[in-house]
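Colleague: I have a structure I would like to understand better, so I am pasting it below and will then ask my questions one at a time.
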Amino acid sequence: MKVKTIMLLFQILAISTIKSADVPNRYIQENVAVRGKATQSTLPSGAGAVLSLPGFAIDGNRDSDFSHGSCSHTTNSPNPWWRVDLLQLYTITSVTITNRGDCCGERISGARILIGNSLENNGINNPACSVIGSMETGETRTFHCPQPMIGRYVTVYLPKTEVLQLCEVEVNALLPVN
């Protein structure tokens, strides 16, 4: 156990000095969100609830049409958030988000992508990887962290009263090549 812990610390130190665009040869980037469990601040009620589940944002499907059942969707509420528990620590370099494509693309403006190990305040107190200034309706964009970040929880937090809708969230982590 001590050897594994020491090796993990050396790996963390080695990759903490690289920028997200510079992936060392002994590592690959992989979307680890599909392995996780998603939750969100609220769920719509009624017929729309079945199309709004938080897990739809990590199903590996970038379909941006809400009616196709591959997007998460909160209610219109103050400070909505969506979070994926990656179930273990990862070194995260970037997060790729697909915005809703059939309407309302402007709703995501100002959202913050937060990464860390704390669930305090629903993960909103974790450090920021990036802020979404604006996105086109249906756009898929990768947001690079200024440096690799180690964390278990990735939260998308919208600091205003609005609906938060995410059609895909991909968490790009460095994994050692075996």
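All positions are counted from 1 along the displayed chain.
Keep in mind that glycine also has a Cβ here, set from the backbone N, Cα and C atoms.
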Colleague: Per Swiss-Prot, which of Ser52, Ser70, Ser72 sits in the Ca(2+) site along with Asp59, Asn61, Cys167, Glu168?
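Modeller: The candidate from Ser52, Ser70, Ser72 that Swiss-Prot ties to Ca(2+) along with Asp59, Asn61, Cys167, Glu168 is Ser70.
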Colleague: Tell me the Cα distance separating Cys129 (disulfide bond) from Cys103 (disulfide bond), rounded to the nearest angstrom.
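Modeller: Spelling it out, the Cα of Cys103 (disulfide bond) and the Cα of Cys129 (disulfide bond) are 26 Å apart.
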Colleague: Out of Arg100, Cys104, Arg107, Cys129, Cys145, the recorded positions in the record, which is closest to Glu168 (Ca(2+) binding site) when you go by Cα distance?
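Modeller: Closest candidate to Glu168 (Ca(2+) binding site), judged by Cα separation, is Arg100.
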Colleague: DSSP on Arg107 (alpha-L-fucose binding site), three-state: which is it?
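Modeller: Assignment for Arg107 (alpha-L-fucose binding site) reads helix.
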Colleague: Taking the Cα of Cys71 (disulfide bond) as the centre, which of the recorded positions listed as Asn61, Cys129, Cys145, Cys167 lie within 10 Å of it?
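Modeller: So the list is Asn61, Cys167.
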Colleague: Roughly how many angstrom lie between the C-alpha atoms of Cys129 (disulfide bond) and His73 (alpha-L-fucose binding site)?
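Modeller: Here the two Cα atoms lie 22 Å apart.
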